[in-house]
Amino acid sequence: MNFLSTFVTFKNLHEVRRLCHWGPIIALSVIAICSTMAILDSIIWYWPLDTTGGSINFIMLINWTVLILYNYFNAMFVGPGYIPLGWKPENQQDTQYLQFCRGCQGYKAPRSHHCRKCNRCVMKMDHHCPWINNCCGHLNHAYFTSFLLLAPLGCSHAAVIFIMTMYTQLYERISFGWSTVRIDMSAVRQFQPLMPFSVPAFAATLFALGLALGTTIAVGMLFVIQMKVILRNKTSIESWIEEKAKDRIQHYQTGEEFIFPYDLGSRWLNFKQVFTWSGTPRGDGIVWPVHPKCHQHTLTIEQLKQKADKRVRSQVQYRAVEDYNGACCPLSKGLQTFFRTPCTEEPRIPLCKGDTILATRGTKWWMYGDKVLTEEQLRAGDRVRGWFPRRCVEKCHYDTAASDTTSDKKVN
């Protein structure tokens, strides 16, 4: 009992709740189906354990499963690392270069961003991943990327097992029409399967093959995307910030030269910032090595410039003309609105007729923005932001002092 109490704490139990989400449930189900079917197909029908090759194949399948789950659970439970609540820089003058987070009641350290799902400021945040139900950031970036590499490799091995199992078991039953290409089946005929390859077994193997091939392609593409940003010592968010910096400079013709501060000039040096032999990334998540022509707050200053520019160029005031209850797919707002709902976990905001919203982006059928709140709600630190149907609002053809004041007060 004492042994269990050292591990089962309130914090650990809270972290285990991350498994109760559609992302981990689907991911772990795919891993379980592919690994289980690959092992069963090998042992029963394709490559029995009483052969040297079969034993090596079995060990490799187990090895893939263990490595994939090890990196998956580390990415989920180690977490990205969070900026302490109420954090302030040691030098108070540096606060002018940082954004203040209302939710955490502290300043955002360089490279950190506030995650609405985790409700914390995340160190070197890359994105919030629904498949691990956690953010990908400073501490778990290497584990997450290793999982993205190992999952396609393991699924590729499993896919080969599925294909060869179906071919060997159906070889005598179906004429493939191959007159020139023949596979030597003498080794297969030397042993009798433990059970016949029935229709349910064929269907299960075919289903597992589809999952394995889909995972190999989809997760493999994610791995390539992650490696591209890692080798430049960036995150997905920072790549977007860099693009907006170039757009801002070009739009205003300022003549500035924006240099991404965290690219150390060598792919190997950038790689070692994330991947280490110990598994712990370099740095404390607050202070970072930077380019010789930059300093610690080069990127945060650019973010402040982009926020000011966003208030000037992007926010358009809208007034609600229809009530909206905040449903994800509201059928009452039309079929196009129902089927074109944004594929994101970002929240929807309910609207009442007469509400004022500051929209920052949108699609043909949906818009995203902040609801204008009362002074009392602003003092309490409230903020209502999310998606709403475009048909529920109309553009205001006037500006109010209240909207300008509200815009200036937005710091998150």
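Quick reminder: no glycine exception, Cβ is built from N, Cα and C everywhere.
According to TrEMBL, the protein carries these features:
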- 21-47: transmembrane segment (TRANSMEM)
- 53-73: transmembrane segment (TRANSMEM)
- 97-241: domain 'Palmitoyltransferase DHHC' (DOMAIN)
- 147-167: transmembrane segment (TRANSMEM)
- 201-225: transmembrane segment (TRANSMEM)
- 318-396: domain 'SH3' (DOMAIN)
Remark   = The answer for the transmembrane segment (201-225), taking Cβ pairs under 8 Å and residues 6+ beyond its ends, is 30, 33-34, 37-38, 41, 45, 145, 148-149, 151-152, 155-156, 158-159, 162-163, 165-166, 169-170, 195, 236
Note = Given the transmembrane segment (147-167), its same-chain partners at Cβ distance under 8 Å and 6+ residues beyond its ends are 31, 34-35, 37-38, 41-42, 45-47, 57, 60-61, 64-65, 67-68, 71-72, 75, 183, 197, 202, 205-206, 208-209, 211-213, 215-217, 219-220, 222-223, 226
Ask   = So what's the average pLDDT for the domain 'SH3' (318-396)?
value = 88
Query = Where DSSP helix means H, G or I and strand means E or B, what are the helix, strand and coil counts for the domain 'Palmitoyltransferase DHHC' (97-241)?
reply = 72 helix, 16 strand, 57 coil
Residues of the domain 'SH3' (318-396) by DSSP state, where helix covers H, G and I = 16 helix, 27 strand, 36 coil
